[in-house]
Amino acid sequence: MAGPRVEGDGGIMEGGGQILRVSTALSCLLGLPLRVQKIRAGRSTPGLRPQHLSGLEMIRDLCDGQLEGAEIGSTEITFTPEKIKGGVHTADTKTAGSVCLLMQVSMPCVLFAACPSELRLKGGTNAEMAPQIDYTAMVFKPIVEKFGFTFNCDIKMRGYYPKGGGEVIVRMSPVKQLSPINLTDRGCVTKIYGRAFVAGVLPFKVAKDMVAAAVRCIRKEIRDLYVNIQPVQEPKDQAFGNGNGIIIIAETSTGCLFAGSSLGKRGVNADKVGIEAAEMLLANLRHGGAVDEYLQDQLIIFMALASGISRIKTGPVTLHTQTAIHFAEQLAKAKFTVKKSEDEEDASKDTYIIECQGIGMTNPNL
């Protein structure tokens, strides 16, 4: 491929791994050679971390591309993509780096491969600073499938901070084109459910305590719905290391899904973990949007690639979302607008409509 490299500034906006994920995925899809500089420039440990490296290497392998500058601590990479291929691809963070973030970077790419793909992702399944695999399976999956594709997510082994050791296998077939989505009608909450887990040496009582505290917290605001959070002891052969955490999901009459989640840390009591997840869910239900704050940025790349106009109603637009929009406009030339929602019921709330005229990417292989 001749032509100039697209330049990405890795130090702006979110300024972290997300810029790399969005820009390399788009570079791979669009066949645009890319250079990203000032990677994680403002962070306490600047440059690439192991989890970013495994994501970059995976994208390189997905399309037989060339990658330069990809080592730990590097603040500049160049990437030259080739043709995206399906088949089996493995990525291993070798740490508790998130398998969910590996999935975020690779999924848009393999949708436009020539044949079905199997992604074997190794690392942390329930890790800090990233979506938990339960969020990916229970919230991200049903919503992103509205773009007109399906995928299968098989959790082989759960892995926690600091060891990782988890493994998830994602299988999906390519598509010709993505359909646009419209997620603007929030509906009313009809169900609240979830799971609270303990793994390894942690006693089952911890799971029950997280549930009880979360339910008490939700009850203060939502009295008329049964809250069904299951306490779970992860089977020994399906979890590596020790961990505890909780995810709570609210489902609405129109099929919108919102979540709150939290992970236990050493020295933090179980009640606090349960309450943190419940409060996050309640905050996500207050803003009037139709997607929660973590789904926002994950949908942007799909909106940019879809054919036609997509709209999502959100609460306050996060920095991750602004970053994803910036790079989707710069690299894919999609057009986004972000406006305050004009519906009466949103007047008192911080509610926005993100609209995108997608580029209608078509799969050249199908």
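Keep in mind that glycine also has a Cβ here, set from the backbone N, Cα and C atoms.
Annotated features in TrEMBL:
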- 13-338: domain 'RNA 3'-terminal phosphate cyclase' (DOMAIN)
- Q104, Y294, L295, Q296, D297, Q298: ATP binding site (BINDING)
- 184-285: domain 'RNA 3'-terminal phosphate cyclase insert' (DOMAIN)
- H320: active site, tele-AMP-histidine intermediate (ACT_SITE)
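Non-local contacts of Q104 (ATP binding site) by the CB criterion (under 8 A, 6+ apart in sequence, same chain) comprise R21, Q298. Residues Q104, Y294, L295, Q296, D297, Q298 are recorded as binding ATP; their most distant pair of Cα atoms lies 13 Å apart. Q296 (ATP binding site) and the residue listed as 'active site, tele-AMP-histidine intermediate' have their C-alpha atoms 8 Å apart, to the nearest angstrom. Compute the center of the Cβ atoms of Q104, Y294, L295, Q296, D297, Q298, which mark the site for ATP; besides them, the chain residues with Cβ within 8 Å of that center are P131, F140, V291, E293, L299, I300, H320, T321.
If you take every residue in the domain 'RNA 3'-terminal phosphate cyclase' (13-338) and average the pLDDT, you get 96. A simple way to gauge crowding: the CB of Y294 (ATP binding site) has 22 other CB atoms within 10 angstroms, across all the protein chains here. Distance between Cα atoms for H320 (active site, tele-AMP-histidine intermediate) and D297 (ATP binding site): 6 Å, as a whole number. In the shown protein chains, 25 other C-beta atoms lie within 10 A of the C-beta of L295 (ATP binding site).
With DSSP states grouped into helix (H, G, I), strand (E, B) and coil, the domain 'RNA 3'-terminal phosphate cyclase insert' (184-285) comes out at 37 helix, 37 strand, 28 coil. Residues within less than 8 Å, Cβ to Cβ, of D297 (ATP binding site) and separated from it by at least 6 positions along the same chain comprise Q18, T318, H320, T321, T323, A324.
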